[in-house]
């Protein structure tokens, strides 16, 4: 199965649509045509009028193949296409016999029309997150160069190690860009839950890099203590360089944490924990350089060990949290709220087996409800449809709700 958007030089394909649909109209210049193909034939088409707010003029599925998912796939494709063009809304004016179909896809009744808004919110968030990561990548390259160069010039092992840590940040940023790009792809036939779990996978890699980098620095500091090595006293210039680096890193941490919370982005929040660890490392470097000049050069190594152990703990936390998400660990508090919503619905006599799956920020919810055994199929369908719509409107990250209806005997 595939869906295509007709190009200007493919107008001859519209002749096939005339055979498919008696009500097919001659195309206008401001209209876009989408065709869904399967089994070597056209299964249906959709017409999109490209105004400031696009209007879905018609969606048609071949007779005999309706109610088999083709309409849903076609409309989802159009929504994702509009999202990629940064359109935020889609209007349906002619919705005869398709109200429930539209409501299931998060369209809301607005007067005589149905409207789906917020199409580009997720894409805009992803763009902002990408810019945040790329900006921080360049900052980390500058910090790494500054620390390593001055570390070698001043013979400071701590500052060199801090520079190496900044290099791992560059790698983390690059991985985050790849993860964000992959995770932003919409769901398709082979990935019905989308690609959001790529964010968790990349976050686990970032957490692993944090632990590896921290473990290497820990090993060097421990070995120095066992060997009784004492570093030469670092020059005062390094304190100034370290303080400048510390201020920059503090700004980075605040900037990326605020954006991670505002955009609700898993990768940015993982990076913010990494930057928090970096800030602690940089603080210890400043203190270590100062105390190694005033007390003993060995202070740097002792303080470094304590800080590195904390960083390893943070890296483990990132791996643990994102592994739980990959394993679909259930949010019991959220499921309890959903249960209380569902059980109050008229017609629902019991509800059980609630579980969920997360893909990035999207939640997919599954449940069983029990209804009177004499309830008609259409009534049971309408009930599950109503429950699904109410939940989607209340919980914005709820992508889909699958309800299995059972009779009470």
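Positions of Cβ are set from backbone N, Cα and C atoms, glycine also.
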Feature transmembrane segment in TrEMBL, mapped to one of the ranges 103-124, 169-190, 235-256: 235-256
The annotated transmembrane segment range in TrEMBL, which must be one of 49-67, 68-86, 201-219, 258-276: 201-219
Per TrEMBL record, range annotated transmembrane segment [choices 4-28, 129-153]: 129-153
Surrounding residues of the transmembrane segment (129-153) on its own chain - C-beta under 8 Å, 6+ positions past either end: 159-164, 166-167, 169-170, 173-174, 176-177, 180-181, 237-238, 241, 244-245, 248-249, 252, 255-256, 259, 263, 265, 267-268, 271
Helix, strand and coil residues within the domain 'N-acetyltransferase' (1-126) as assigned by DSSP: 40 helix, 40 strand, 46 coil
